[in-house]
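In what follows, a single structure is set out as structure tokens and then discussed.
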Amino acid sequence: EMDYNGAEIGSYTDNLIGTLLAIFGNVLVSISLTIQKYSHVKLAGTKEHRAFYRTKTWWSGFVFTCLGELANFVSYAFAPLAIVAPLNAVSVLTSSILGFIFLRERLKPKDFAKQYGLVFLGYILVIGGAYLLVSFGPNSHEKLIATNIVKHLVGWPVLLYLLLEIITFCLLLYFYKRRKANYLVIILLLVALLGSVTVLTVKAVSGMLVLTIEGTMQLNYPIFSVMFVCMVASAIFQAGFLSQACKLHDSSLVASVNYILSTFFAVLAGAVFYLEFINEDILHICMFLLGSAVCFLGVFLITKTKKKARIFEPCVTLNMSNGVPTIHDKGPVIQPDYSGSFSYGTLVNNNGVAPAPLPVHLETPPLGPRTSDASQGHPGIKRD
């Protein structure tokens, strides 16, 4: 099938493959984060002094992470951005469910409904919203050969969009760096603007790689190298800003707002760059927007209820920015975290969250009287 420009259009089967790959990848990444966190907590509760990367559990989680991210990457080649990007809500949903299973709390039905009612409402909204946006999202997308990508890139809608995005990004960066405006919205807008570039380039790189595997060589075109470099650079800077946001603000709020803003700009970028909604009617577009809004509300309820229910605990240390998962001395939290593209299951703790109890033989012993050696380093303290 061909579009009005003569470009080959992906089939319904391609859309289905891309959607299933995105769902599978997000579920697999959430499971991998849980496995890695379990490895950290299990290691922290023993007397054995061993690095986390020497445990089989952590490596099994890492393998699942790679498989999940690979599935997410390939899904961009088969399905439109407008469908793949909002399906990150599946990762939030799965992480929250796994966190609920790990809590294993016994509550009366009345207390259970009061404590977890909004969370389960969020589950329903995410599932319903995902169904709507998949059902009424773009039914076809363009096969991304190199010449088509160049044609889109030099078109005036894309150039105007990129110009406005660059101006907006520079203004936000000025206020963030020079004016010290560390507001959550400013930081996450920077993340979302970079994220829109990331998903555009990921879709181009993934599409050209898949076509090359199918037998149509695309890697010898300069546009492939340009897209690949932009993909890596935007991903790294995006991870850095997201890490700063998690350090300065509540990680649950970061998770929900980042999902909303990043999804909005990803869908907008796909509509402008790849013309994903050009053949859709008003009814389908309105139903797609309704599904996206329902997903946004569901994610917000799941992430914000964690303060009371402690089901969902997003991580604040991003593996792509520092490379080493860490355990903070305030006590670990055994909760799976929100997963964007750059969060790989570090074990951290937020202020105000109760630490997970260690085994009985490792509980902190009660403090005894101050010894004379301890007071020698403090001349102002009298000895007992």
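Placed from the backbone N, Cα and C atoms, the Cβ positions cover glycine too.
Among the features that TrEMBL reports, transmembrane segment is placed at 16-36, 57-77, 83-103, 115-134, 154-176, 183-202, 222-241, 253-276, 282-302. Here TrEMBL flags 363-384 as region 'Disordered'.
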Original post:
Quick one: do the transmembrane segment (83-103) and the transmembrane segment (282-302) reach 3+ CB pairs under 8 Å, ignoring pairs fewer than 6 apart in sequence?
Top reply: yes
**OP:** For the transmembrane segment (154-176), name the stretch out of 16-36, 183-202, 222-241, 253-276, 282-302 with the most CB-CB pairs under 8 Å.
**Re:** 183-202
**OP:** Check the transmembrane segment (282-302) against each of 115-134, 183-202, 222-241, 253-276 and return whichever range has the most CB pairs under 8 Å.
**Re:** 115-134
**OP:** Any chance you could find the range in 16-36, 115-134, 222-241 with the most Cβ pairs under 8 Å to the transmembrane segment (183-202)?
**Re:** 222-241
